[in-house]
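Taken from TrEMBL, the feature transmembrane segment covers 67-88, 100-119, 139-162, 183-208, 297-314, 326-346, 366-388, 408-431, 437-454. The annotation region 'Disordered' is assigned in TrEMBL to 471-499. Residues annotated as compositional bias 'Acidic residues' in TrEMBL: 474-491.
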Amino acid sequence: MSSSIVHQVLRGGPPRAITRSDIVEPNRLQGFSDAVFATAATLLIVPVRKFEMEQDETLKAALLRQWPQFTVFLLGYLVICTLWESHFVRYKVLAKVDDVLVAMNLVSLMIVTFLPFSVNLEGHFAKYETSVLLNAGLLLALELCELAMFIYGFSNPVLLSARFQALEESEKRVKRHQIYIKVLLNCCLFLLAAIFSFASFVVAYILICSVLLTPFMKRIIIKLTELSAQCRFHDTVSTFEVLTGRIDKERLECFTDAAVAIVATLLILDLTTEDFPTEQEVEREGLVEALKRLKQLFISYVGTYVTVAIQWFIHHSVVHHLHIFTPILVVINRTFLAFVAFTPFLSTLNNKYTGHVSSDAQTAVGFSSIILFMGSFTNVLMIIVALFKPDINLVDWARPRDNGNTALIYLTIKALVIPVMAFLTFVISLSGLEASYLVYHVCMYATPVVLILLKVGYACHWRHVGDVQHEEEQLTEEENMEGNGEEEEGTNEGVAVVI
């Protein structure tokens, strides 16, 4: 008797389909990967915040001397965010993962965790080809891991999403080519960067940063592959719109939340490391007196945290009005996160001059105001870009044609609060040295008060509008009732005349 017959006898029916126990949903792996990418990107600021000045050097001169490190941090942050977007594309195609795919993903994440070291190395020693070569090599290895995961996934149909499996074989082939070309394009850019690192570190770094344009290159790749296949598929955009740079709103929110949360947590480093009371100070002055000396730093910490929290709150409000994230909105969101990640450095910079009246303190306040303005203005920029195509970018209730004008006006005013405060701080700080520190912290603590007043005013406005609408509805109902009564009287009179 065969094993299948025995199985049928024992089970009382035909044998069930055998499933592999190591095939699971990728949700947890995605969450873990998102956290690793967000942490790696945010940790780029840790070496930058250890700001050291030379003897008799002004802060303005020191900031100008450190501009290559700032540039490398900003571009490195944007590159890591772009690589995360490629990671997101993978799980739009692969709906399941097995042990092999999980292991390959963990290897790629190890490379990601090493990027803060290599980026910091390049920020300090950009002129040495070894630093650029290391970065290009790591990024190339990351893309090769990505390619290997796609090849493995396509060779195991059970891991593919149902939508991908439902495609015709010819369309599957075109989609595979689109994905492979995109990954291989990044590989070529990083390989060229590694080669050019021996000739010019500027050209090499430009090649590395050109990966930031890949969301826009995807459209070209899709067009070329479809033309080469001499066909155009009707469900290309609906099925694989992510290949054109669109990312699920929920995933982008999770990544943004993780990145901002890490920034908010890093703010405490000044109090727990550099300015933490020593045993000698506590023995000499007592713990209470030692903590009293940190009073201004505590005030600065609370104000900086409030600023980060409000930036997240406004971003949350803006995203709430968005329906999808187009490639341009994704780039703006990426820029928002990069400037928010600068906040721990701004906190360290201002803490260094807390309570001092000097030109350096004025420079610190001015520099911080510029960074805060640029970071917070990205939320305003999101609203402006979304309004160019409101039917696509905005949710139904927020569209101007759907009576969303009041909501958009309130949202825009709310998004302008921090940019206006930052601009006022910058302008007023230029008027006098003594006003710099005071104005900076007054604006920090005044911002939530302004937002609360805006909310109260908006709520009162809607209450007034609701009362007016209710009165109009009552008047309309009364008029309808009177009209119905007159019609009934006229009908009765007509009946009497007929009789």
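Backbone N, Cα and C atoms are what each Cβ position is placed from, and that goes for glycine too.
Those TrEMBL annotations? Automatic predictions, nothing curated.
What you see is a predicted model, and the numbers here were worked out from it, not measured in a lab.
Against the transmembrane segment (437-454), the recorded stretches 139-162, 183-208, 297-314, 326-346, 408-431 differ in Cβ pairs under 8 Å, and the greatest number is found for 408-431. Counting only same-chain residues 6+ beyond the ends of the transmembrane segment (100-119), those with a CB under 8 A from a CB of the stretch are 29, 32-33, 36-37, 40, 43-44, 46-47, 72-73, 76, 80, 83, 87, 94, 131, 134-135, 138, 141-142, 145-146, 148-149, 152-153, 159. Beyond its flanks by at least six residues, the transmembrane segment (326-346) meets 41-42, 44-46, 48-49, 51, 74, 77-78, 81-82, 85, 212, 215-216, 244-247, 252, 256, 259-260, 263, 266-267, 269, 304, 307-308, 311-312, 315, 367-368, 371-372, 374-375, 378-379, 381-382, 385-386, 389, 392-393 of its own chain at Cβ-Cβ distances under 8 Å. Among residues of the same chain six or more beyond the transmembrane segment (67-88), those with a C-beta under 8 A of the stretch's C-beta atoms are 33-34, 37-38, 40-41, 44-45, 48, 108, 112, 115, 119, 122-124, 126, 139, 142-143, 146, 182-183, 186, 205, 208-209, 211-212, 214-215, 242, 245, 247-248, 251, 255, 330, 334-335, 337-338, 341. The list of residues near the transmembrane segment (408-431) in space but at least 6 beyond its ends in sequence, with Cβ under 8 angstroms from a Cβ of it, reads 307, 310-311, 314, 317-318, 321, 362, 365-366, 369-370, 372-373, 376-377, 379-380, 383, 387, 398, 400, 439-440, 443, 446-447, 450-451, 454, 458.
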